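This report refers to the structure that appears directly beneath it.
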Amino acid sequence: GEEERKAMAELEAKKAQEALKA
């Protein structure tokens, strides 16, 4: 659903940020 997709996007963004920081 929408909430699920939103959570997925948040997780992906978090992962991307971590990769950039590392």
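Backbone N, Cα and C define each Cβ position, glycine as well.
Look at the region 'Disordered' (1-22): DSSP puts its residues at 20 helix, 0 strand, 2 coil. Per Swiss-Prot, the feature region 'Disordered' maps to 1-22.
Around the Cβ of Glu3 (4-carboxyglutamate), 7 further Cβ atoms fall within 10 Å across all displayed protein chains. Per Swiss-Prot, the feature 4-carboxyglutamate maps to Glu3 (among others); the stated evidence is an author's statement.
What Swiss-Prot records for Glu4 (among others) is 4-carboxyglutamate.
If you look up Swiss-Prot, you'll see Glu10 (among others) marked as 4-carboxyglutamate. Around the Cβ of Glu10 (4-carboxyglutamate), the number of neighbouring Cβ atoms within 10 Å comes to 10.
Within 10 Å of the C-beta of Glu18 (4-carboxyglutamate) we count 9 further C-beta atoms, all protein chains included. Feature annotation from Swiss-Prot assigns 4-carboxyglutamate to Glu18 (among others).
Taking the Cα atom of each, Glu3 (4-carboxyglutamate) and Glu10 (4-carboxyglutamate) are about 11 angstrom apart.
Using a 10 Å radius centred on the Cβ of Glu4 (4-carboxyglutamate) and all shown protein chains, the other Cβ atoms total 8. Note: the CA-CA distance between Glu4 (4-carboxyglutamate) and Glu10 (4-carboxyglutamate) rounds to 10 Å. Annotated pair Glu10 (4-carboxyglutamate) and Glu18 (4-carboxyglutamate), C-alpha to C-alpha distance, rounded: 12 Å.
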